[in-house]
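**Student:** Quick one: this structure, given as structure tokens, is what I'll be asking you about.
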Amino acid sequence: MWDEDLRSLLEWAARRPPDAPRGEGSGVVVGLETQRPFAPTGGGGNRKGKSKKWRQMLQFPHISQCEELRLSLERDYHSLCERQPIGRLLFREFCATRPELTRCIAFLDGVAEYEVTPDEKRKACGRRLVQNFLSHTGPDLIPEVPRQLVTNCSQRLEQGPCKDLFQELTRLTHEYLSMAPFADYLDSIYFNRFLQWKWLERQPVTKNTFRQYRVLGKGGFGEVCACQVRATGKMYACKKLEKKRIKKRKGEAMALNEKQILEKVNSRFVVSLAYAYETKDALCLVLTLMNGGDLKFHIYHMGQAGFPEARAVFYAAEICCGLEDLHRERIVYRDLKPENILLDDHGHIRISDLGLAVHVPEGQTIKGRVGTVGYMAPEVVKNERYTFSPDWWALGCLLYEMIAGQSPFQQRKKKIKREEVERLVKEVPEEYSERFSPQARSLCSQLLCKDPAERLGCRGGGAREVKEHPLFKKLNFKRLGAGMLEPPFKPDPQAIYCKDVLDIEQFSTVKGVELEPTDQDFYQKFATGSVPIPWQNEMVETECFQELNVFGLDGSVPPDLDWKGQPPAPPKKGLLQRLFSSQDCCGNCSDSEEELPTRLELPTRL
């Protein structure tokens, strides 16, 4: 195994051109000083990084072991059959057993396709939907559709195929599925299989769930390392928060706030929290691994400062979608700046570092003079109350910086006092060069409006106001939200957009702080294990779901799903196995005889 790893590393080094760029800023997660990771994987053959014991780690329990889960799980159609990826797939497998339900699913898929179809092809796509699923002569007429609604839909289609044309029909279809079909699903083997997956999802998460690799960077409370889930081979970034450092800085509330906000948000434009667990010395957040560097590096260290307008507009649109997802959960971000926007391997961005984000209660405003100088809105600088307006101001700052190659209120590497920057923010209008098209200047100026009541995004329509600006006219936000648009820039897999390991400062030892039993209450709130939607996505993306989700031949009930059957007795262990069986096997078992070492000692410079 060591020889295979060393050979992979040397091949990677040989492929890398000698002048491949190196970065100075962040490049993995949470806007830190980082190093692009070498992404080793355990196991060979077709396992794609999985442990050779991965099936044992993800072995389904007998269904009788899921009784408590069955009784406690909320019976909500939207959550179980739409939001949760594995639940959605299993409900669709159930629907495939009945022709009338199969037609409903096909109609919903057709509407989803219609919504992301380019404008010039949307009318033809809509006509096919009407003909196949809504016409009495159609081959796949869906049940319980009011004829008047179909007539209105057909007329609107011919007048102009808007993206939300089938919205009401979609709602009615889901309403139909949520009644008798959903009740039947809850009594089926497909829902029982979902319970088995939920049982696996809720198993304890420890450091042994992962292979730990070398340090990528550092955060406020500890290091960030690359890690890999043993059972699936999925790579992540593990942000470690040292318990003593948190206690010394009284950072418990901030750490728990970031964790709770991360697990609440499910967006392709915000870094995702997959696991939260604890070790003896640290609390750990397992997050999306972003290898493409941050926007600060790309703006200032890849040739002439700034981007072509088309590239800046693409990133601004994805950031707008991320802010929309945060605001939908009533979360104001408050720290939007280039170093907190990270690129993945394909060139898509995600918002990172939610340490300053906060929930805004319905119907209320908040107050807090927090953020980064030069990106804080006038109302924040003045310590006034606000809701989501600071995020739209910061988007204006970022769009300006991407186009101009400098911040609107301070020049790069030019020393200027904080008080002067804040005066410019509050009183002085920004200046525009010839690099700004009229539409780009229009959007920036509306986002950078000093009065939050007049600012774009704050006039009652939120993100919709921003999306409707003429600068985004050629951009299909439905396709963007589905990840179907090609980014204008794709990071070079051979390039390193960040610091070397030797350039990352080490943390000093925390002295004078002792952990106490009373601290355990906080640790238990933090270390909650797997986050459902990211965990289920991981099972699907790594093909574990497809390989394990097998039922009996001819629809027969497999033994592990038979409520009347008895769970098989565990195999007897030998003496040595009993002595060394302190770790459970569900993602936490040690398989060191075939795994890589927990910290791969690779050369720090290649």
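Every residue, even glycine, has its Cβ placed from backbone N, Cα and C.
Residues or ranges marked as active site, proton acceptor by TrEMBL: D335. Annotated ATP binding site per TrEMBL: K248, in sequence order. Look at TrEMBL and you will find 83-195 tagged as domain 'RGS'. The feature domain 'Protein kinase' is assigned by TrEMBL to 210-472. As annotated by TrEMBL, domain 'AGC-kinase C-terminal' applies to 473-538.
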**Student:** With every protein chain in view, how many other Cβ atoms are within 10 Å of the Cβ of the residue listed as 'active site, proton acceptor'?
**Tutor:** 23
**Student:** Can you tell me how many other Cβ atoms are located within 10 Å of the Cβ belonging to K248 (ATP binding site)?
**Tutor:** 14
**Student:** Counting each residue once, how many in the domain 'RGS' (83-195) are helix, strand and coil under DSSP?
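**Tutor:** Grouping H, G, I as helix and E, B as strand yields 84 helix, 0 strand, 29 coil.
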**Student:** Where does D335 (active site, proton acceptor) sit by DSSP, helix, strand or coil?
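**Tutor:** DSSP assigns D335 (active site, proton acceptor) to coil.
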**Student:** Return only the integer: C-alpha distance in Å from D335 (active site, proton acceptor) to K248 (ATP binding site).
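**Tutor:** Given the Cα positions, D335 (active site, proton acceptor) is 24 Å from K248 (ATP binding site).
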